[in-house]
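Below: one structure, written as structure tokens.
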Ligand SMILES: Cc1cc2nc3c(=O)[nH]c(=O)nc-3n(C[C@H](O)[C@H](O)[C@H](O)COP(=O)(O)OP(=O)(O)OC[C@H]3O[C@@H](n4cnc5c(N)ncnc54)[C@H](O)[C@@H]3O)c2cc1C
Ligand code: SF4
């Protein structure tokens, strides 16, 4: 078994190695006709830009890591300065240099990778999957009898913030930085999944398709790990299946298929992604597209609003925030699969709890204010509200919250700060759900009378940094806005103290001092005070 | 300001301190020699197994004590001088007190076995024991085999710990079946099987005779009363615990096996109280033993004594017995009294059900004549403390328990449910025709 697992690791690392090398290699050469096509498709009217860029790019060889974006940037600057001077507003180039560079690369790649997509897919994704499964599947045997298997989590470099964890951290952070800010380097990756993208939506893959596909693959493989690790725990099995289903079908397949069907509303839409997590839902351009998108567009508009205003709170009332955060949501889905080995790193200190409340509610406020501005701007048909450019608020949010917080920090920091950094400190939807859960819900984690032995397993493995034990050892139910109902505290408790359940609201919050099992008169005296 | 001094920062002492603080403004000092801060002894195993770090076993953050004005003093008390109301510490310092709470816990039993003090021979009670085990048995190269002596809860925990590092373990158990002084035969048998499944070399009805030393004074083997010699690097002595009271021998405080206390947890000396593992009731309360060395009772005594100290003098009056443990992968809970065949009372009758596939079983004890429900042991099914506590208070009969068994289920959602199987076996065994009621939130939370 050990041998199989070690071979698995080796194969996985080869796959990962090839994948990681791809941004550094490859040849790119743009010919005249592709160049024209590109200029055409981007609707660029500036001759200055066209001729400048043409002299730099067309029929010239670029390889690997040589950046294109600065060249494009230069041309844009040059053209725009000139056009501004001449007041030729219609000719200014508004496209971003990174996006253009990415599109150029995608059009101009030649050589081994784009010509051997299938093989390269196998050498990256294929080997990664095979290797990972060879490591994971033998755990059916190596983990022994079913039950909680947390042995050596704090002895292993990978799960105890050792060097492996730091490498994973660097890898994840770099990956997100490329994805969000330097997507031209992701072009080689897009070739690998072109065939898949074409078969789904009919279009070649962009870097977000790579991300979406990879997300599903990673979640699926790590879900297998969850199934094995928690095979004694039906709650974990069902929940993992649910979250995987929603990721693959709702976040990945349906949007692609919507594009393929060329519906009136031509973009893909993730029907489960609720505002304000889906922070650009009320952005000017999105509203315009939805309204222009005929029946389907309108349906999505109404659905999006009903989802946030009605479905989300009603479901939280009946089932707690968990129905979304650990059963449906994609961010939660990754956290519960890829992130599971890191759940113990969330800080349980009171200080972190304070930081959490300031941050997450701050983000919610930010999202709401921003949305207020965009909506006002939309209806008043203005780009400036209260003297502030709406666009600049939207850009700040997208950059700080959408990219840095949710992506780079949210996932990149898994191995160091735990798997729910975004969900705990940042997600505005989680903040909203949390209010409902805390103040108007049937959900609670019931503490089983006086059975707690204060061992600390529950707190240690709470991914949301809740000090579960602090409640359990007082015999108190846990009713906390941040609880995503992953059920792991209940799973790891060696004394059967914790149960996630939806029951009557009355008595849900039950502050106690003297626990069940002691003198009933004393309990009465102290607890009723 | 009255100065309350507590010796021992375990669950008993710390609970007392917390509750005294809640109810008063008295000055509180806790003196303890083991660690600076309170930690959960019950979690020591998880540190060795790598589930947690030691800091995770500490239920309160370090700022907690200062904020709550509970002074902590790391030191060992050599003498209690009740005439002058002061303690003398090992470092020569003295601490004066107005009221003293002794919460000194237990220490592992040693029964005078030859070789019991050799290197590599140890118990598992304190943080120091944990550190020592880490040194004695870091892996299966240094520790080729461990022998554990004494088949109780700590023994099986120690076996599980060592197995997590793939160290071969021989488990010497005096009884003919694991823990059968406490558990009924069916349950005990199931655990025997489970121990073997975990590749622990269980030797029942076997006693330690002697621990043999190598030339450096380390344990190298044990001999048993079956004439066997078992080579090993580590010997775990886990044959129970007894109160940690040696330092009180000449203090004038009345001692038996533990510190003798009345129902108010007072010792024979005014203003000195004893709680937790170290306290011994003159007479066991109800069916309880005079010394109760479990977590919960330590906590309950702490809750109680705090009231008395704060002027609301009350008796220690624990409610219905409950307890829980985990045997490797098997969770165990008990509510009320279910005695083993050895300890069974005249009127006690058992109903035992065991699943035919999973390692899950339940034993219900009830009165032969009146059918009154006396208690339940459950393995592999979690049950609600509140419900059983209520049924015991209401003196329900066993038929009622069976009928409403679903209300008591505390397993996580989507788990397989076994009530149908349990009740149908009960029906066929006792010729009843009980039909299970559906779970009802209303009943469950009726007096919550
Ligand atoms: C490995 C293990 C697992 C256990 N698991 C369970 C379980 O699952 N469920 C359960 O109910 N119970 C369990 N127990 C028993 C439970 O831990 C004890 O009953 C409980 O900790 C006793 O608490 P206490 O406060 O009375 O004493 P302790 O926790 O022993 O605290 C006493 C403290 O006083 C200190 N002290 C003693 N004498 C002096 C002195 N002269 N000067 C200064 N300091 C002194 C000691 O060093 C110690 O730190 C377990 C015990 C062990 C060892
Ligand atoms: S895991 Fe269970 S026994 Fe341990 S502290 Fe949490 S609730 Fe208490």
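Even glycines carry a Cβ here, placed using N, Cα and C.
Just so you know, TrEMBL annotations are computer predictions that nobody has curated.
From the options A:61-81, A:82-102, A:187-207, A:208-228, the stretch TrEMBL describes as transmembrane segment is A:208-228. Each residue of the domain '4Fe-4S ferredoxin-type' (A:474-503) gets a DSSP state, and the totals for helix, strand and coil are 5 helix, 6 strand, 19 coil. Sequence-distant neighbours of the transmembrane segment (A:162-181) (same chain, 6+ residues past either end, Cβ-Cβ under 8 Å): 20, 23, 98, 156, 207-208, 211, 342, 403, 407-408, 411-416. Residues belonging to the domain '4Fe-4S ferredoxin-type' (A:443-471) score a mean pLDDT of 96 in the model. Taken through DSSP, the domain '4Fe-4S ferredoxin-type' (A:443-471) splits into 8 helix, 5 strand, 16 coil. Long-range contacts of the transmembrane segment (A:119-141) within the same chain: residues 1, 4-5, 7-16, 18-19, 22, 112-113, 189, 191-193, 195, 214, 217, 221, 224-225, 228-229, each at least 6 residues beyond the stretch ends and with a Cβ under 8 Å from a Cβ of the stretch. Outside the transmembrane segment (A:208-228) by six or more residues, the chain places 125, 128-129, 132-133, 136-137, 139-140, 143, 179, 186, 189-190, 192-193, 196-197, 236-237, 240-241, 243-244, 247-248, 251-252, 256, 330, 333-334, 336-338, 340 with a CB less than 8 A from a CB of the stretch. Counting only same-chain residues 6+ beyond the ends of the transmembrane segment (A:7-26), those with a CB under 8 A from a CB of the stretch are 63-65, 109, 111-113, 120, 123-136, 138, 171, 178, 185-189. Note on the domain '4Fe-4S ferredoxin-type' (A:474-503): residues 148, 150, 230, 233, 235-236, 239, 318-323, 325-326, 332, 336, 343, 356, 360, 420, 423-424, 430-431, 434-435, 437-438, 442-453, 455, 457-466, 468, 509-513, 515-516 of its chain, located 6 or more positions outside it, place their CB under 8 angstroms from a CB of the stretch.
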